[in-house]
Amino acid sequence: MIDKATAFAPATVANVAVGFDILGHAVQAIGDTVTATRSAEPGVRIRSITGTAEDLPLEAARNTAGRAVMTLWEKAGMDGGVELEIVKGIPLKSGLGGSAASAVGGVVAANALLPSPLDKLDLLRCAMTGEEVASGSVHVDNISPCLFGGLVLTVGIDDPRIKQIPVPPGVHCVLIHPHMHLATKEARGLLQAAVPMSEFVWQMANLAGFLAGCYSNDLDVIREAFQDVVVEPQRASLIPGFAKVREAAMAAGALGCSISGAGPTVFAWCEEAQAEQAKRDMIACFAAEGLDSDSWISAIEPVGARIIG
Ligand code: HSE
């Protein structure tokens, strides 16, 4: 039995415009790294948090990784304890699935220490308890792609079913992270509880069209369907210049552009030839609002969280 393991967990784009809370994909650009080490003292402790966000709770029950590993440790009936060292590579409150990545990285690393490791669906359930600490609600659209890799549809919460959706070859994801923070709790809190029937029908058609386009490699259908008519309009005003950023991406030839998760990162799916132009134009729109940005052009990450040491 090993007593120390390090896992890498990638950043993720949740919702992917058309699948609020059920669809997400992993990206190759950045991620969090978590090292789990067995200790004699029972329980879960966070030894350190370094990297892009250091002022996160060190108390395990209030930390996404800590909470998720507590669930795993209890579920596995482990004696003794485990210590976590978290290296954040994903900016805090960026909409790139940072809390999910720490939770997933934690459970993948700690799982490697178990005499009988849990399967991925159990790891998903453990990581969900960590995500709940961060965002105040259980949603799986960051955790599932972070753990499984690729573009992932999750059906169900109590008994989640995972479907990895094929992504047409050559699709790249442009990510623009304007330098501002948006808390997921806040961005969820402002959403209206009811959706007009016409928007419901339109969004359903878009989700169905998007998935059909992915399965049939039909970029025209993907472009046509790649629009969030329910959630994005309610959140757009939280991100200065969002409408212009989106317009710029589409004018550069993107397949679609929307808010990554709860924002403020904006993502655009592009074919390779259009990606650089879209990135430049999107950055320029945020700059016109006085916002500097970090940016990446990333492939859809196919593997998900994994042990790296
Ligand atoms: N689906 C969630 C939301 C993702 O948009 O609120 C947040 O990480």
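A Cβ is built for glycine as well, from the same backbone N, Cα and C atoms used for every other residue.
What TrEMBL records for 63-150 is domain 'GHMP kinase N-terminal'. Averaged across the domain 'GHMP kinase N-terminal' (63-150), the predicted model reaches a pLDDT of 94.
Look at TrEMBL and you will find PRO91, LEU92, LYS93, SER94, GLY95, LEU96, GLY97, GLY98, SER99, ALA100, ALA101 tagged as ATP binding site. The Cβ of SER99 (ATP binding site) has THR64, GLY130, GLU131, VAL133, ALA134, SER135, ASN142, THR184 as same-chain neighbours under 8 Å, each 6 or more residues away in sequence.
What TrEMBL lists as domain 'GHMP kinase C-terminal' is 214-286.
For ligand 1, none of the binding-site residues lies close by, meaning a CB under 6 A from one of its atoms; the full candidate list was PRO91, LYS93, ALA101. The Cβ of GLY97 (ATP binding site) has 33 neighbouring Cβ atoms from other residues within 10 Å, across all protein chains displayed. Sorting the binding-site residues PRO91, GLY95 by the number of other Cβ atoms within 10 Å puts GLY95 first. Counting other Cβ atoms within 10 Å of each Cβ, the lowest count among the binding-site residues LYS93, ALA101 belongs to LYS93. DSSP labels the residues of the domain 'GHMP kinase C-terminal' (214-286) in these numbers: 42 helix, 10 strand, 21 coil.
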